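> My structure is below; once you've seen it, I'll send some questions.
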Amino acid sequence: MTETFVSYSLIAVYSAMAIYTLAFVMFAVDLARRSAESSDASAARATGLASASAQQASVMVNGSSVGGTDTLTTAGASESKIVAHSPKSLKLAMAMTVLAWVLHVGAVIFRGVAANRVPWANMFEFTLTATALIVGVFLIVQFWQDLRFLGSFITGFVLIALGVGTSSFYVDVVPLPPALQSAWLVIHVFVASLSTGFFALAASLSIVQLMQARREAGKALKLRFLDTLPAADRLETLAYRLTVVGFVMWTFTLIAGAVWAERAWGRYWGWDTKEVWTFIIWTLYAGYIHARATRGWRGSRSAWLAIVGFLAIVFNFTVVNLFFKGLHAYSGL
Amino acid sequence: MTEGDATRPSDHMDAPAPAPQSKVQQPRLNLAGYARFFWRQLTSMRTALFLLLLLAVAAIPGSLVPQITSDPNGVIAYRTNYPDTAAVLDFFQVFNTYTSVWFSSIYLLLFISLIGCVLPRTKHHFDALRASPPKTPARLSRLQGFTTRTTEADVDTTIASARRLLRSQRYRTELYGDSVSAERGYLRETGNLVFHAALVGVLVTVGIGGGFGYTGQRVVVEGYAFSNSLASYDSFNPGRFFTDEALDPYTVALDSFEPVYEQNNRQAIGQAIDFTANVTTTVRGEEPQQSQIKVNEPLSLSGTNLYLLGNGYAPVLTVRDADEKVIWSQPTPCLPFDANLGSTCVIKIPDGLDQQIGMLGFLYPTTGTLSSGALASVYPDLISPVLTLEVYEGDLGLDNGQGSNAYALNTDSLEQVAGRTSEAETLRLTPGDRLELPNDLGSVELTSIPRFVSLDVHHDPSQLPVLLFSVLLFAGLITSLFVPRRRMWVSARTDASGTTTIEYAALARGDDPNLEAAVTDFAEKHSQQLGVRVDS
Ligand code: HEM
């Protein structure tokens with residue numbers, strides 16, 4: 001029985017990867033479309049048809065909601081032209097992401113059923129589940145803000161992670177060692193993975209923010225799709241709000257981890273390598289929050305901190321798990 | 001965020017922008033001036049940020065190099081493998097990163113900065129809690145969420161009802177002429193202060209509370225007991241303020257140890273699934289009690305916790321001299337070296353035979369044979385055990401006054417009399433077997449193979465306070481990040497025709513995603529209450 005479910009899980013995840021690939025391509029096509037349209041817009045401006053500034057265009061993009069039609073209230077003729085093209089590539093990309101995600105979640109569930117426990121007890125399973133959560137956060141956040149333009153970042157990242165996960169981290173279903181048999185496995189690891197979802201999204205926003213800031217500073221950046229995206233300070237606000245949610249979860253992870261460590265290892269904090277890196281990441285993000293409140297640090301500098309924070313998370317998950325010695329020897333490899 | 005907040009560090013986003021200073025006019029600083037300058041620097045946001053990032057970087061080396069506290073054997077191995085690097089690392093206290101002078105300096109500075117930053121803000125916040133909301137700005141139209149409505153009601157009615165509505169939304173209000181000024185979300189700042197204060201609480205309780213605690217390790221064999229007293233521990237680490245009286249002399253007897261190993265899943269045959277230690281505990285003046293200790297389920301006993309951290313086998317050997325007299329019969333805990341509990345055993349018999357003898361054993365709980373012909377354990381449970389013994393005679397080196405490691409045999413002054421390098425073969429025993437020792441020394445019998453557990457006993461009075469501070473910290477964090485703090489103003493003016501125009505506007509203090517929606521909502525509700533004629 002176990003083997004059947006394991007193979008269902010693998011089939012589902014491979015299919016999801018195939019569809020994520022298509023979604024990634026469509027998101028890229030959408031960025032190309034944005035570039036093209038922003039040139040149209042500047043052409044329109046040049047002929048004096050209307051006053052479509054990139055600024056206004058971006059305001060408009062902010063205002064649109066998921067799947068909703070982009071309605072304009074203050075824009076002139078050329079803006080309507082920008083949005084009159086229904087972004088088919090974008091809708092298609094989103095639809096494929098949703099489809100892939102459903103399969104992806106299916107893979108997670110089958111894995112859990114096969115193992116008869118939560119499917120996040122070794123590196124392969126963490127990868128599978130955490131990436132599903134990253135995409136899940138990406139999809140759900142759309143109800144709050146239109147962040148579809150991050151699609152290529154997110155699907156790209158998730159594809160790489162799943163590629164490495166299925167090829168290099170794969171392990172068979174084995175029972176949990178006694179130290180992992182705890183309700184804290186369910187809570188602590190789940191919340192940690194969920195927070196990476198928020199941090200991933202925030203980091204991609206910060207990357208776009210840095211690009212946008214360069215463009216706004218007049219540096220030549222040949223990425224015209226940036227014209228259609230929100231302004232840098234708007235991107236920063238969004239990144240900040242997502243980071244803060246991630247940070248609260250990370251704080252919880254840290255505290256819950258300490259409580260669990262007390263149960264399992266007899267002390268709540270012992271500077272085990274994994275504990276050290278969880279602390280480093282926490283401190284980096286606390287730094288980010290401070291930076292945002294420090295004159296001279298808001299803007300690109302704090303964006304770099306958010307990116308470094310996310311790199312530390314990836315590092316913690318890969319290099320620390322695989323090559324650093326410690327009590328958290330649960331990669332299963 | 002136009003308005004300054006005097007008690008925040010001067011480089012906080014919300015503080016008033018610094019006036020441009022010309023270098024020439026800077027007053028000369030006296031000592032007090034320098035002190036104040038230094039203090040201002042230390043408690044600035046920029047310093048806090050710098051120290052936070054420095055702390056993150058400073059924590060890295062401790063994850064790359066083994067630490068004495070978490071991985072003592074790793075440190076020993078590192079010292080042997082890289083003596084030169086180790087000397088440098090020792091100089092910089094890298095094997096003790098988290099208690100090193102440099103790491104401690106960083107976090108102590110950070111916490112001084114934190115206290116210096118939080119104290120004045122706390123005072124200011126207490127004042128703010130009692131003060132009234134600030135005067136209504138002259139031109140609301142410049143503020144966020146500005147919107148207007150018109151009504152037939154007169155100004156007084158309008159303002160009075162606005163105030164009532166604001167109060168019902170938990171705003172603090174104050175009337176200024178024909179306007180009402182309101183503020184809410186003081187909890188945001190409270191949360192922030194609680195958060196930072198709780199951080200200090202965590203640090204202090206870890207530092208002080210930990211000093212009163214202790215940890216002790218003890219190996220206990222099935223059928224044996226140990227008591228919570230200094231003498232009976234194999235190793236013991238007292239906190240800084242520890243005294244002997246802290247030990248409550250209870251006893252713990254290990255009745256049995258029951259492991260469960262995977263038998264069906266072919267990918268994981270022999271993997272441990274469950275460990276249970278059944279114990280009988282006796283606390284002074286009470287009846288003995290039966291309990292269990294499991295991984296993840298420590299046993300609490302008069303202020304201490306007992307953790308099950310390891311297990312293995314402790315074969316009982318019975319050694320008789322040439323006259324059949326039993327001179328040795330006791331269990332020897334063996335150190336597992338692989339996942340199938342293949343273990344090494346060291347037995348030292350200093351007295352009773354003509355010669356001191358030492359025995360080096362290998363225990364295979366379920367014995368298999370490798371293609372090389374060597375024995376190996378293929379499953380951790382006790383199914384077909386074999387114990388092999390190499391026997392040495394000579395001087396065990398126990399009398400030279402130096403403490404010796406019970407798990408290692410120093411063969412410098414010993415001669416192998418049975419084993420690979422001697423004439424007699426390695427002894428090979430299964431339970432119940434009895435074999436002659438070489439040179440007519442006597443005999444050795446493998447009497448039984450009980451199991452042992454290694455228990456950690458911890459007493460840590462800081463645990464509960466640290467947990468409480470962590471909960472406070474978390475609650476403070478959430479409040480501080482998600483409670484919106486905002487000011488709202490409603491002002492009204494009646495024109496000649498008798499129509500009253502109401503203006504609404506707000507100001508966010510800190511991140512406030514829903515500010516504009518909040519103003520619109522409020523205007524909507526308020527004008528509905530008044531009975532609106534026209535919506536503008
Ligand atoms: C152990 C060191 C510190 C840590 C871990 C830390 C962490 C944090 C965190 C997580 C926040 C965001 C949550 C909140 O607003 O409550 C925050 C906010 C804040 N911290 Fe700290 N902090 C530290 C030290 C300091 C110091 C030394 C100062 C003063 C210089 C300071 C001043 C502030 C201020 C003013 C805010 C509010 C930021 C805002 O207005 O958005 N903190 N801190």
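Easy rule for this one: first residue shown is 1, then count along the chain.
Any Cβ shown, glycine's included, is placed from N, Cα and C.
In TrEMBL, annotation is done automatically, which means it is predicted and not curated.
Sharing the features that TrEMBL gives for it:
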{"type": "TRANSMEM", "residues": "A:6-29", "note": "transmembrane segment"}
{"type": "TRANSMEM", "residues": "A:92-114", "note": "transmembrane segment"}
{"type": "TRANSMEM", "residues": "A:120-141", "note": "transmembrane segment"}
{"type": "DOMAIN", "residues": "A:120-328", "note": "domain 'Cytochrome c assembly protein'"}
{"type": "TRANSMEM", "residues": "A:153-171", "note": "transmembrane segment"}
{"type": "TRANSMEM", "residues": "A:183-208", "note": "transmembrane segment"}
{"type": "TRANSMEM", "residues": "A:238-261", "note": "transmembrane segment"}
{"type": "TRANSMEM", "residues": "A:276-291", "note": "transmembrane segment"}
{"type": "TRANSMEM", "residues": "A:303-324", "note": "transmembrane segment"}
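Quick one: where do these features end up spatially?
Residues of the same chain lying 6 or more positions beyond the ends of the transmembrane segment (A:6-29) and with a Cβ under 8 Å from any Cβ of it are 89-90, 92-94, 96-97, 99-101, 103-104, 106-108, 110-111, 114, 128, 148, 151-152, 155-156, 158-159, 162-163, 166, 172-173.
Nonlocal intrachain contacts for the transmembrane segment (A:120-141), taken as residues 6+ away from its ends with a CB within less than 8 angstroms of a stretch CB, comprise 13, 97-98, 100-101, 104-105, 107-108, 111, 147, 150-151, 154-155, 157-158, 161-162, 164-166, 169-171, 176, 180, 185, 189-190, 193-194, 196-198, 200-201, 242, 317, 321-322, 330-333.
Packing against the transmembrane segment (A:153-171) from elsewhere in the chain are residues 10, 13-14, 16-17, 20-21, 23-24, 27, 97, 100, 122-124, 127-128, 130-131, 134-135, 138, 200-201, 204, 207-208, 331-333: each is 6 or more residues past its ends and has a CB under 8 Å from a CB in it.
Here the transmembrane segment (A:183-208) has long-range neighbours at 118, 120-121, 126, 129-130, 133-134, 136-138, 141, 147, 149-150, 153-154, 157, 176, 226, 229, 235-236, 238-240, 242-243, 245-247, 249-250, 252-253, 256-257, 259-260, 263, 285, 303-304, 306-307, 309-310, 313, 317, meaning same-chain residues at least 6 beyond its ends whose C-beta is under 8 angstroms from one of its own.
Nonlocal intrachain contacts for the transmembrane segment (A:238-261), taken as residues 6+ away from its ends with a CB within less than 8 angstroms of a stretch CB, comprise 141, 145, 147, 182, 184, 187-188, 191-192, 194-199, 201-203, 205-206, 209, 230, 267-270, 272, 275, 278-279, 281-282, 285-286, 288-289, 292, 303, 306, 309.
Through the fold, the transmembrane segment (A:303-324) approaches residues 123, 126, 130, 196, 199-200, 202-203, 206-207, 209-210, 213, 236, 239, 243, 273-274, 277-278, 280-281, 284-285, 287-288, 291, 331, 333 of its own chain, all at least 6 residues removed from its boundaries and within a Cβ separation under 8 Å.
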